[in-house]
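Read through the structure below, which is laid out as structure tokens, and then see the notes.
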Amino acid sequence: MVSKRIIPCLDVKDGRTVKGVNFVNLRDAGDPVELAWQYSRQGADELVFLDITATNERRKTMVELVKSVARQVNIPFTIGGGINELSDADVLLNSGADKISINSAAVRNPDLINELAAAFGKQFVVIAIDTKYVNGKNLVHLNGGRITTELETEQWIKEVEDRGAGEILLTSMDHDGTKAGFDTNLLKKINQTLSIPLIASGGAGCMQHFADIFLEANVDAALAASVFHYGEILIPDLKRELRKQNIEVRL
Amino acid sequence: MIGIINYGAGNIFSLTAALDRQHISYEMVASSADFDKYDHFIIPGVGHAGAAMQKLEESGMADAIKGIDKPVLGICVGMQLMTEFSEEGNSDLLGITPVKTLLFTSDLKVKVPHMGWNRVYSQSENSLFNGIQDGSYFYFVHSYFIEFNSTFTVAFADYGLKFSAAFSKNNFYGVQFHPEKSGEAGEQLLKNFSEL
């Protein structure tokens, strides 16, 4: 069977990683390419880069970043942020990105999902969804949780799957940053109805949280940022622990 | 020198980057008139097998590929192109290897696409896998697979069923996974191919 994936996520602004990283032996903690290389050496299965650049130069810096990563890193990676149309995705694909992730652009223009899947294949299209529990419902949020939509998360996931999404990256805003564990109940419920891969995100604080989400919700991958960046969890240790608990991982 | 068959099907940046990292030289080939210049060929490919076959035919290289007598490596959809037929778009393909490309159906109870790292096991000795430990992980991304065949499958993977992760027939080789994204094992495989 396919192994469970561990995915570090890097926030990038103007071609530099924004969250501090305290690895040893790092010449430049802000260089996303060096970080990506380090993570690939540690045994990360995949990487996600979220570009939060807000300038007109963003497209150029994104393309340069993608090319540099593809030149030096021998594992797959996804890039998200600022992809609003087919041509944005096309240039990233041709620069070496394996997948693109879209979030609010998909909510604003759901047809974009169909267009991307038709043009590049569904395996290329990751739909990122930020969800938060509001008045008894799981609702899709935009702009890092600042904007609440009326879309119910479960329905939105069904819709994007029908439209040709190849994978779902689901971040629980209720759990994100808490380090109290992934949102097992929600992820389990979603995963039972899903026929495409699901990446769990939000809440990782210790190695057991990863074991729990794989064992209890059977998600395909788990994504985290700070626990990896600050060296609180080392990927080789994490994978050994997961394997000890009979979870199939690439070691 | 490896000739990369350039018929306009998808991203080859990652492939050329991986070859660069291994110091393997390559050039793009857009016409069968240039085939004599190369001692190895790679057929890349992503996306839809039927659409890729159409592009390959439009490039005028489809028939000439079948006549190549030097090592040829098809990657992902490039491997599928070497089969007889794909359920994707019900397309007739090159037919170099007498096997079929099929869809992972819902009764297999697996998620589609098959996306991620899966173990690849040797079915028969093949120099493509020299120095690569049996059961190594490779990175897969695909919704269609090539049926297992006891004659042509050289390595298999399991995803709801056993399928061809790699096959060979004479000088033609195919891998369903992406060696250019499969860490050190993938780089070793590319190196092995270049030395065939």
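Here, residue 1 is simply the first one shown, and the rest follow in order.
Note: Cβ is positioned from N, Cα and C throughout, glycine not excepted.
These numbers come from a predicted model, not from an experiment.
Marked as active site by TrEMBL: A:ASP11 (among others).
The Cβ of A:ASP130 (active site) has A:ASN103, A:VAL140, A:HIS141, A:LEU142, A:GLY144, A:GLY145, A:THR171, A:MET173 as same-chain neighbours under 8 Å, each 6 or more residues away in sequence. Annotated active site per TrEMBL: A:ASP130 (among others), in sequence order.
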*Around the Cβ of A:ASP11 (active site), how many other Cβ atoms lie within 10 Å? Please give the count over every shown protein chain.*
17
*Name the secondary structure element type, per DSSP in three states, that contains A:ASP11 (active site).*
strand
